[in-house]
Amino acid sequence: MTIALTGGGTGGHLAIVRCLLESAIKKNIECVYIGSQNGQDKAWFENEVRFKEKFFLSSKGVVNQSKFDKISSLLHTLKLSKDCREIFKKYHIQAVFSVGGYSAAPASFAALFSHLPLFIHEQNSKSGSLNMLLKPFATKFFSAFEKEISPYPVADKFFDNARIRKELKNIIFLGGSQGAQFINELALNLAPKLQEQNIKIIHQCGKNDFEKCKKHYQSLNIQADIFDFSLNLEEKMKNADLAISRAGASTLFELCANTLPTIFIPYPYAAKNHQYFNAKFLQDQALCQIFMQNSINLDEFFKSILKLNLENISTRLQNITQKNGADMLIQKALFDNLTFIR
């Protein structure tokens, strides 16, 4: 069997693609990847040899575009979907699995036009525009946030490095794969207070702010573990006892898998405020704290860091997600629904 995996744009979407690829390989399913020249798709998968083939199309997002540009983008997407249909024919694609993001649009529409099963994984608590549009036509729609809960695909390495946290010795600041200026500034402002408490700092700051953050820590004579980006983030997480993080869905569930207590600062400009609702999923279970970016008081924030019951939260995070989530999605989509697959 050969399937197409499509979608991306950001690290969160692409992490799911990688999990699905690894699970498909276990079942001897070959995968063709269809992504975009824009975003992070090529950086993640251009050299990924486990795909049967990879295609990076000229797809682009429509968020914040004018009405005319949105129409133009839609017409371009329809043109690219025709190219995808040719890819489906050439590689005998039997089903399409979308993880969302604008780079999923051409192949997803092509699946509908070609009468192929379309499976969609929605990573966020608030569905993106493309997934909302396609959901009624999908063969199966998966979400970790809906009533019929599906496991969120998280790489095994985050579970393998999990441990119960009991004492705050190390704190990690996570701004996402591209860094977050606000979280970087927060980390630098908190650094002297953390040093007074003998709390060590691990800081993912992104490429743009790396030199600035490095020099600031040096000026404070603080030995922070600072890095711009890491493909082995689980190695950094396992050394931390608390995380300060944005609330992208993949990051959130990776933190859960690692049983790492977290204070979330949702990105305030995320579409439909989905990062806040992602974090609220945990807050409603008393499993995290949320601070809104525009109302943070440094002293109050620091007090919250020291007050968290790390052991209680870390222990209960074990029940939020489960290992082999991607395996379950592949099983549900392609084997429990064999009548859909020609």
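Glycine residues also receive a Cβ, built from the backbone N, Cα and C atoms like all the rest.
Going by Swiss-Prot, these are the annotated features:
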| type | residues | note |
| --- | --- | --- |
| BINDING | T10, G11, G12, N124, S177, Q275 | UDP-N-acetyl-alpha-D-glucosamine binding site |
Report the member of T10, Q275 (the binding-site residues) whose C-beta atom has the most other C-beta atoms within 10 angstroms.
Q275
Measure from the Cβ of G11 (UDP-N-acetyl-alpha-D-glucosamine binding site) and count the other Cβ atoms within 10 Å, all protein chains considered.
20
